[in-house]
Amino acid sequence: MEFLKGHGTQNDFVLLPDASGALELTPARVAALCDRQRGLGADGVLRVVRSAALEEGAHSGAGWFMDYRNADGSLAEMCGNGVRVFARYLVEADLETGPDFSVGTRAGDRRVRVHPDRSVTVHMGPARITGTSVAIVGDRELSGVAVDVGNPHLVSALDDDVSGLDLREQPRFDGDVFPDGVNLEFVNVLGPRALRMRVHERGVGETRACGTGTVAAVAAALHLAGTDHGSSTVDIPGGRVEVTVERGASTLTGPAVIVARGELDETWWNSLP
Ligand SMILES: N[C@@H](CCC[C@H](N)C(=O)O)C(=O)O
């Protein structure tokens, strides 16, 4: 069984080409693949399926559907770094000619552009401000802005450097506000068009980047500054992305890299429940 490994600003993924949707991708198999000791290691899995081969893809106008799974095996609606890596793979594998095409996701179709320098721009859809809530990190209560980018986010802006936060443990959040869990972003505003961010992802833990999280962070920062449109760079531990937010739309631009391809051991794979 073929696999590829790739990353977008060091948010890393195992890609599983599965055009016909035949693969039985259980949560245990995803968790084993993503485990950095007993598997390949990744923040998530991107199953590459023809939209027509999946019930979930039936309403998609895109040829290919990104079946995204978090490292713990859970499903998520969207993954901004994952879509960039997915798009890069489709072009390198001659499954799309590019540079512009759409990718199906659980949050809807996402238009992408694969640039000659290997970076990818994704039209991420609306970033909707849905309210406020609180994240608790250690003994600190950090108020934040809730943002829906297809998946749920809570963005807390801090005055002190976010690099001082200990994100090894799952921060607490209000389960009534986020019954399906939430991705938690912590940001410093560095200037009118520059943010620094760290993230604790739902279903993964701290990652070195989160694409939907960067869009949420920019939308929240604009909201706190009293506006709903603008653009910003976002520096994350894994690199830098550029985000624009408009009324009802947003874009994310950043690198997408395929680093390896190989074969999974069938005996190992079949031993997993
Ligand atoms: N890393 C992703 C987000 C992946 C999904 C997230 N963990 C969730 O459960 O919503 C990104 O780049 O957007």
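Glycine is no exception: its Cβ is also placed from the backbone N, Cα and C atoms.
Marked as active site by TrEMBL: CYS79. Secondary structure from DSSP puts CYS79 (active site) in coil.
Around the Cβ of CYS79 (active site), the number of neighbouring Cβ atoms within 10 Å comes to 29. Residues annotated as active site, proton donor in TrEMBL: CYS79.
Residues near CYS210 (active site, proton acceptor) in space but far in sequence (CB under 8 A, at least 6 apart, same chain), listed by position: ASN11, GLY80, ASN81, ASN183, GLU185, VAL199, GLU201, ILE236. TrEMBL lists CYS210 with the feature active site, proton acceptor.
For GLY80 (substrate binding site), other Cβ atoms within 10 Å of its Cβ number 29. Per TrEMBL, the feature substrate binding site maps to ASN11, ASN70, GLY80, ASN81, ASN151, ASN183, GLU201, ARG202, GLY211, THR212.
ASN151 (substrate binding site) and CYS79 (active site) have their C-alpha atoms 8 Å apart, to the nearest angstrom.
Long-range Cβ contacts of GLY211 (substrate binding site) within its own chain (separation 6+, distance under 8 Å): GLY8, THR9, ASN11, CYS79, GLY80, ASN81, GLY82, VAL83, ARG84, VAL122, MET124, VAL241, LEU252, GLY254. In the structure as shown, the Cβ atom of GLU201 (substrate binding site) sits within 10 Å of 27 other Cβ atoms.
Taking the centre of the Cβ atoms of ASN11, ASN70, GLY80, ASN81, ASN151, ASN183, GLU201, ARG202, GLY211, THR212 as the substrate site, the nearby residues of that chain (Cβ within 8 Å, site residues left out) are GLY44, ALA76, MET78, CYS79, GLY82, VAL199, VAL204, THR207, CYS210, GLY213.
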